[in-house]
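Undergrad: A single structure is presented below for examination.
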Amino acid sequence: MTRRLPALAAVAALAALALAGCAQDLPAASGAPSSSPSPSLGGGITVDAAASLNEVFPKLAASFQQEHPGTTITFNFGGSSTLAASIVSGATVDVFAAASTKTMRTVQDASLTAGDPVVIARNELEIAVPPGNPGRITGLADFGDAAKTVVVCDRTVPCGAAATQVFDLAKVAPKPDSYEPDVTSVLTKVEGNEADAGLVYVTDVRAAGSKVEGIPFPEADEAVTAYPIAPLKGSRNAALAGAWVAYVQAHEADLRAAGFLAPR
Amino acid sequence: MSARRRRDPLARIPRAVLVPGAIAFLLLVGPLVALLARAPWAHLGDLLAGDTVLPALGLSLGTAAASTGCCVLLGVPLAVVLSGADGWPGPLRRLVRALVITPLVLPPVVGGIALLLLLGRTGLLGGPLFQATGVQIPFSTAAVVVAQTFVGLPFLVLGVEGALRGVDRRFAVAATTLGAGPWTRFVRVTLPLAAPGVAAGAVLAFARAIGEFGATVTFAGSLPKVTQTLPIAAYLALNSDPEAAIAISVVLMVVAVAVLVSLRDHWLQGIGR
Amino acid sequence: MSGLDAELRVERDGFVLDARLVVPAHRVVALMGRNGAGKSTAVAAIAGLLPLDGGRVVVDGEVLEDVASGRVVPPERRPIGVVQQQSALFPHLTVAANVAFGLRTQGRSRSAARAEAHRLLTDAGLADLADRRPSAVSGGQAARVALVRTLARSPRLVLLDEPLAAIDAELRPALRDAIRAQLRAFAGSALLVTHDVRDAEALADEVVVIDRGRVLQQGSLASLRAAPAAPIVSRLLDGATD
C-alpha cells in the first residue's frame, strides 16, 4: 500500500518552491572545477556591497570567475545601512562590504562576521555639480545658502554621516532641500540638474563621468570613510567567501584605479 | 416555511480553492503579523515621540488627502471620457487605456524619474516654468502630492470607469427623455449612481498615496516637515534604528488598515441591486 | 398635421426598419408585433435615441428630424416622453424627486417642481409614495409613477414601451385601468408598444402591426380583426404569439 502525500503538504511544498523561485535565482552550483588552480573552489556566493562599489566589484568578479571556473559571484548593491539591516534581520549573505566601519560594526555586534573585517579602500566626499556648474557653487559654504538647491545624504547613512562631519569642520549650517536615502539618489538629482550641488564620494563623481563635475574641498580629508569587507558566518560556501575577500584585498590597486584612496 | 435553515447552495465554494486561498492569505498577512510580533511595544511611545514621526504622519495624511482630492477632480472626468470611448477605433482605445494603467506597473522610482523629466526644473514642462517664474516643483510639498496623484490616479480611473459602465443604460435614457442634456444627466443621474465606485476608487487612491515611497523620494526628495512622508521616514530609520522603523511601519499599517476597513463591501461591488 | 407622423428608416446589424407610423392628435395607437419586429427600434428612433438613416419625424407639425435637410433635434429637447419597459425610476431619488426631475429640466425652481410633483402624485392617487425610494414601491406602482413622471412635462407625444410586460399577470388589469385614467387626462398623443392584445383593447384607439421592420396593417382593432392583412396579424390579435 502506497502512502500518498497529503494534498495540503504537496501544495504547501509547491508554493514554497514557487516563492523561493520568486525571491531569487539561485546560482547553479557546478561541481566540476576540472582545471581550477584551487580545486576546492566551486559554487556561488552572494555579496552585499555598498552602492559605491558597483563599478569596480563586478570587474573584479569577472576576473575572479575566470581564474576560478565554476564559481559564481552574485552582487547585491545598495545603501550600506540598508544592507546591514537586512543581514542583521537574517538575510542569507556570504560577504558584506560596507561603506563605513560604523555600519560594519552593527553586523559585528550581531556576531555575524566570520573573522575581523579588513579595510580594502577609503573614500572621501566631493561636491558634485551639474556640468557647467549652473548654480555657481564654489565650496561647502554654498550648502548653507537657502537660495541654492542642494541635496545631501540623510544622516542615517554613511555618506550623510560624513557630510555632517565636514559641515561641522567647516562650521557651515547646511540648509539642504532634501536628505536623500543614498548616494545614488543624491547623484540622480545632480545629474538631472534638479539640484545645484550634492555631496557625494569622489568615486561617484569619477563613475558619473561627464554627467557631473567634482569640486574638492579641504575638509574632505578630515572625514575619510573606510570600506571594510568581511565574510559572514551564515555563509554556505565559506571557502569561496574567504577566497573572494582575499582576492579583493590582493587587487586593492584596481580599487585605487577607480578613484578610491588606499586603505592606509 | 421550513424551520430548518439551510445554507444557500450557491454560496458553497469548491473545496479545491481552500488550500491555495489559505496560502495566499498567509502570504499576505504573515509579514504583517511578523511586523506586529517584532514591534517594540514596550517603548513604542518613546520611538514615536521623537520629532520625526508625528510631522511625517501629519505630512502623509495631509498630502494623501490632497492627492486623493486631485485624483477625484481629474480622474472622474478621465473615467467619463474612457467610459464613453466605445466609439473610438479599437487600437486607440486600447492604447489610451494601457497608458492610463501604466503607472500601476511602472516601478515607482522610474515613475519619479519620469516626473522629474517632465516637471523638474530642466523638464519638458518644468523647464519653461522655471525659466519664466523661477518656480521649481521638486523638493516641495506640491511635488509629494503630484507623485502620489500619479501613482493613485489609475486606481481611481479604473474604479470609476467600471462603476460608470455599470450604471444601467435605461437611467440615461430616462434622464435624456426627461429633458436632461449631457451635463445634467451626468451630474444628477450617472455620477450619483456611480458614487460607490468613486468612493471605492478614492479610498484605494488614498491608501496607495499613504504608502507611496519610491516616486516621492525620487521626485520630491526627503526633507522633514516638507517632503519627508511616513514611508520615507520608515526607510531612513531602518538605516540607523530598525526598531524605530518597525514602530513607524506599525503606524503606517494601522492607518492603512483603518482606511481599508472603512471600505464597505458594496463599495467594491459597485451598484448591484 | 397634428400628432405623430414618422417615416423611419433605420439599418442596424442587418436589420432594417422601414416604416411610416402615424398617430392622430389626441389618440392612442398601439404598436404591435412579435419580438424582433422592430417596435423598440421604432420607439428609440422617434425619441431621437437612435439616428435615422432615412426619413423624418414630425410631431404636431414640428420637424424633429429630417435626414434630407439634416435637421436633428437632440432627444432632450424633443416634446416626447418615454416610459420604458422597466420603469427606470432613478434609485437614488425619492418618488417625488423622480417626478420633479423632468420639471427641473424645464427650468422650474426646486420648490415649484417639488410642489407640482406632489400635486401630480396626489391626482394619480399615489401621494403616499412621494417620499419613498423606488426600491420600496411595487412594480405596478413604479409603472404608474414612471407615467406620472413622463406626463408631468406635458409632452405632445408619449411613447410607452411595453409598460405592463414586467408586471405580474394578475395585477395587469388593475394597472391597465390606472394607466387608462392617466392617459385620458393627457392632452397629447400616445404610441403604446405591446405584444399583448389586451393592452391594445383597453388602452388604444387604433392598432398598427409591424413585422420584420415593415408595417403590415393599421386601423381600428375591429377592422383588423375583420380583415387581417396577414396571418401574423390575426395571430397577434388572438393573443396567440410569444
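Note: Cβ is positioned from N, Cα and C throughout, glycine not excepted.
No curator has checked TrEMBL annotations; they are predicted automatically.
Here's the feature list from TrEMBL:
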- B:57-263: domain 'ABC transmembrane type-1' (DOMAIN)
- B:16-37: transmembrane segment (TRANSMEM)
- B:57-83: transmembrane segment (TRANSMEM)
- B:95-119: transmembrane segment (TRANSMEM)
- B:139-160: transmembrane segment (TRANSMEM)
- B:189-210: transmembrane segment (TRANSMEM)
- B:244-263: transmembrane segment (TRANSMEM)
Undergrad: Are there residues at least 6 beyond the ends of the transmembrane segment (B:16-37) whose Cβ is under 8 Å from a Cβ of it, and what are they?
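TA: That would be 246, 249-250, 253.
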Undergrad: Could you pull out which residues elsewhere in the chain have a CB under 8 Å from any CB of the transmembrane segment (B:244-263), counting only those six or more residues past its ends?
TA: 32, 35-36, 38-40, 44, 47-48, 50, 52-53, 56-57, 60-61, 200, 203-204, 206-207, 210-211, 230-231, 233-235, 237-238
Undergrad: Name the range, of those listed as B:57-83, B:95-119, B:189-210, that has the largest tally of Cβ pairs under 8 Å with the transmembrane segment (B:139-160).
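TA: Against the transmembrane segment (B:139-160), the leading stretch is B:57-83.
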Undergrad: Sequence-remote contacts (6 or more beyond its ends) of the transmembrane segment (B:57-83), Cβ cut-off under 8 Å?
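TA: Same-chain residues near the transmembrane segment (B:57-83) but 6 or more away: 96-97, 100, 141, 144-146, 148-149, 152-153, 155-161, 164-165, 186, 191, 198, 201-202, 205-206, 209-210, 225-231, 251-252, 255.
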Undergrad: Same chain only, please: residues at least 6 beyond the ends of the transmembrane segment (B:95-119) with a C-beta under 8 Å from a C-beta of the stretch. Say none if there are none.
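TA: Beyond its ends, the transmembrane segment (B:95-119) has Cβ neighbours at 78, 82, 85, 88, 125-126, 129, 137-138, 143, 146-147, 150-151, 153-155, 157-158, 212-219.
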